[in-house]
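Q: This structure is in structure tokens; I'll ask about it shortly.
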């Protein structure tokens, strides 16, 4: 039999667990606050202003309000609350000093995270992705998850009466938001890919299928100028694509035909579609390639188990975004990608881990390899 002291200790332990669980539940129900506050900070230019102040510079809420040029006398207090929340999530850092009148003055500086939220040397950041994901157009999809589960359908389609790709072509404002988001994210990821992957060295003609406004292929061609690049996407996307040296913009439907080349590049396209459509696309790719050609696929790899790591959570978040906005869209495990590769006629799959994971699917007769 447990003693009174032991029994009390067990009760206290149980109480601590309950309190911790309660605090976590409270945190979960308030999780909409962070992304919307992050959006506000980006729209206000908080990260850009702090970064522009110089390395190791600290700004107060009053400093930021002055830089915004607002006439609202309450702006400094409002900005302080934004900064305080972001600091609690380690997005910013702070220091307290005492002024000549004995008052505590709090000022803020950037952290390593901020270098991804303010424009870098390439003029890009992840801020446009925040603006895209929190835009009213995409946010509306989340209100229809229950409808999709109970009655079928795609949340985005239920919300807007058409699929996402049709909608982007009819809403030029959101089309610009989407293109900017994808362009900025792509540049960050492509730098990692180009540093680690050497599979472009022997490519002659590269087709970027679903290449958006050409950000991916322009970076590839800049490093490998011997390649002839073709950026292939829907007409409403190509219509706003800027010119790039060595890149030809071609419009069309990837489910009907794809320009001919010796290598096809597909980044973050397969996760938009069901297995049926992925197989259809990959079989069309196979027909457009010579026997020794290859498809380079860039995708996140879904963990086999629901892990609680930050990396896994990021991928599960993205999987839910696919669920909310695309018919059959989903993230896939490595085994699921192997199955798609084999069923569509590719006899070799090689995988290389960078920030996302991306593999080279070869249309040769070599066997399946996953190093």
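Using the three backbone atoms N, Cα and C, a Cβ is placed for every residue, glycine included.
Automated prediction, rather than curation, is the source of TrEMBL annotations.
OK, TrEMBL features for this one:
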DOMAIN    27-119  domain 'O-methyltransferase dimerisation'
DOMAIN    142-347  domain 'O-methyltransferase C-terminal'
ACT_SITE  271  active site, proton acceptor
Q: What is the number of other Cβ atoms found within 10 Å of the Cβ of the residue listed as 'active site, proton acceptor'?
A: 18
Q: Just give the helix, strand and coil counts over the domain 'O-methyltransferase dimerisation' (27-119), going by DSSP.
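A: Secondary-structure breakdown of the domain 'O-methyltransferase dimerisation' (27-119): 49 helix, 15 strand, 29 coil.
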